[in-house]
Each structure stands twice: as structure tokens, then as C-alpha cells.
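Below is one structure; the comments refer to it alone.
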Amino acid sequence: MWVSVLMTYPATIAIMSETFGQYLLEGLRQYYDIDEDLVPTAQKLFGFVLLWLVTWMNLFALSKFAARFQILATLAKLLACGLIILVGMYFYFFKGWNESLEEPMKHSNYDLGRLVMGFYGGLWAYSGWDILNYGAGEITNPRRNVPAALLSGIAVVTLVYVCLNISFFAVLDVETMKSSNAVAALFSQRTMGKFSVAIPFLIGVLLIGSLNSNLFSGSRYMYAAAKQGHLPSCFSCVNFATDSPRVAIIAQSALAMGISFIGDLDALIGYVMFGFWAQRIFTLIALLTIRYKGIPVHPEAVRVPISIIYLFLIINIVLVVIPIFQEFAVTSLGIFICCIGFAFYFLFVYPKTSIPILSYLNDISTFIASIIFDALPDVKTNPLGIPVPPVLVASDSQQQLLNGKRSSFSLTSVNSSVTDLHSDEKNTMIRNGSATGLRLW
């Protein structure tokens, strides 16, 4: 949780926003001369402007604009990928542009550290493979449908990415691709004539959709953590009119802006993937513990052969351990955040005791956040053993508004009260027989 909230999601959002800035600049360069010294600053500014526009959209108009725009962004993604593949394959098969593919392994670097960092870049492109797990609780017959969806989805995405890379290498040489983070724009300029002016902006729309979905997921993850008592209750504050966790959304955007100054895109991808695979190690260890101790799980839980679990664990350990020794600069941030997370958990969350100064800070921060963002905290347990501030106690009419406006505030139904959580959290809460809702006392 700690790594996801403080590093993985914010860094992913930072990558999306900065990449958008790069593609927007590539599009503007076709009309204007831009001083190279101003390019890094302009990229960040364009990225920050986009980030705060998407933040505003999630704060105030989620149901009205965000969902519809996500459909538009998905269409832009399919159109851009399909167009690049068709054009690239035309030049590969009919024009004979295959010089870069004649010796694909030429000048390869087999140093273990660099090899793993290369895998980080490749695995970043496939990092959405586990998103389906978060919706497993809402899928009919998950034992059959989840594995089928995972295998078919990964197969289709792999085919698309392989075709994209063949198209890129058919048109661009290796050095050109290594020197640019806006490869699709360069590809279009060499192959699509006047239509190439539209490609950077089309990719920009695609990136806006990806940024929107990551900000949505990251803020809900932070909100769920606060709701479970692992973060201060101010991060669980929800606005009733829009049903959005406004404090968590602002926090994720602010963290993304801060992380964007830590390094370039390659460094940010390294930070994200190190944290991503480190998390998977702990997840797999927990899964093995459940298997060997016979801990009860949901009756419809998807089971995989234990040999696959061990194989995946070994791969994860390799992806995490080798960079620690050979690329420590990339892994240091992730290690630091993990250590802080462990310390925070065992000092403040695990003891389940109330610390006066933390109680005071939690009261003040929650009260201020509630006023500024027109929201109330939605907590399942008391963060760090701290009660909800008395000033936030709702009247009977306010409680009726909560129950009527947002089903997750209702204390009468377990299933309806946890619809906005990830499936693993929901199943845990259902097994425990506890409902999630605003604790008003």
C-alpha cells in the first residue's frame, strides 16, 4: 500500500503527464520554432497543466465527463496503434524497409544490471496485466472467466506490441529510437506526409486517457487505505455531490508533480517497476503462506498451480535483487519508501493504540480537509486508533443524506457498502462480517 500510494501511482502519473508534454511539443514544432533550452521546462509545464485539468475533471465532473472521455481516449488508442501497424507493415512488406531488422541483436549489452533495466522498460508496457484482479469480485464465474480474460488479453496486447515494434524498426534506426521519447511522432513524420501533423496530438489524447485512469485508480487506492485505517482519515474525505475522494485526488497529483523532478523518464520508469515487482514478492509470499497454512479464502477464488507461483516468485526476486547491487541509484528511492512504510506500520498502525499528538493532528487535518473540499471522512476503522473528530459528527438529516446519496455510506448492507473497494479488500471485509461506512458517534 505504502509503495503504491507514495511512489508507484504518483510516478506513473508523472510519466504520463511528462510524455504528454513531449508529444505536444513535437506537434507544436511542426508550426513553431522552439528554443531547445526551453524544451525541458516546457515539457513539464504542459504536463502539469494537463495534470491539473484532469484533476479538476475528477474533482467536479467525474460522472459527466471523465467516463465519456475515457471512451474517446480508448478509441484514440486503437486508432493510433492500428494506423501505425498498417503503415509500418506496408513499408516493411511492400517497400522493403527492413535494414534495422536484419541484425536485431547487433550492439546488444548483456550486462545483468542493464539487462534488467531493459526488462523494466519492456515490462512497463505490459504493467496493466494485473488490473483485472481488482474487478474479480464483480466478474461472473471468476474461476473460468478471469484466467480466460487474462490469457486472451495478454495475447492480444503482445501481438499488438510486437507489430508496433516491427513497424517502428522498419522505418526508424536504433539510434533514432534511442534518442527520442516521442517515437510515434518521428515515425509519422517519415511515413504519413501531411497527416503526420495529427499523430502527436492523437497520441496526446491517448495519454490523457491513460493519465485519467491512473489518477482515478491511484486516488481510490489512497482513499481505500485511509478508509481501512492505514492513513490519516483526511484522505478518506468524500464529496457527496460528485462521490469523489477529493483529498486523495489532490494528494496524488501533488505527489506526481514532486516526483517528476527526481529524474528523467527512464529513471521514473525504473522507480515504478522496482516498486511494482518488490510489491509482487510480498504478495506471492503472502499467497504461499495462505496455501501452506490452509487459511480460508473466498470459495470462488482463482487457484493456479503452486509451481507457477514459485516460478513467478523467482523471476520477481531476480528483477528486484540484481538492480539493488548493480543499479542502486534507481532502486534507492524504492528501498527508502519501503523502509519508511515498514516503520510507519509497526510504529503507528500495528499497535492499535491512540497517540495524543497524532490524534490532535488527525483531528485538525480532517476538519480542515472537510471544510476546504466540502467532504466528510468515510472510515471503516479509526486511523492509528484515533476517533473521528467530534466536529464531524453528522446530524440525523446529514446521515439520511449520506445513506441516500452514496450507498457506500450505508451501514445496513455489507455488499452495497464496499462497492468502491478493490475486490481483495471487499472479500476480506465480507468474510469478517463488517460493513464499511462513515463511523458517526
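Note: Cβ is positioned from N, Cα and C throughout, glycine not excepted.
Source: prediction; values computed, not measured.
As recorded in TrEMBL, the features of this protein are as follows:
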- 45-63: transmembrane segment (TRANSMEM)
- 69-92: transmembrane segment (TRANSMEM)
- 112-129: transmembrane segment (TRANSMEM)
- 149-174: transmembrane segment (TRANSMEM)
- 195-213: transmembrane segment (TRANSMEM)
- 268-290: transmembrane segment (TRANSMEM)
- 302-322: transmembrane segment (TRANSMEM)
- 328-350: transmembrane segment (TRANSMEM)
Whether the transmembrane segment (149-174) meets the transmembrane segment (69-92): three or more C-beta pairs under 8 angstroms: yes
Of 45-63, 268-290, 302-322, whichever stretch has the most CB pairs under 8 A to the transmembrane segment (328-350): 268-290
Annotated stretches the transmembrane segment (112-129) and the transmembrane segment (268-290) touching (3 or more Cβ pairs under 8 Å): yes
Range from 45-63, 69-92, 268-290 with most C-beta pairs under 8 A to the transmembrane segment (195-213): 69-92
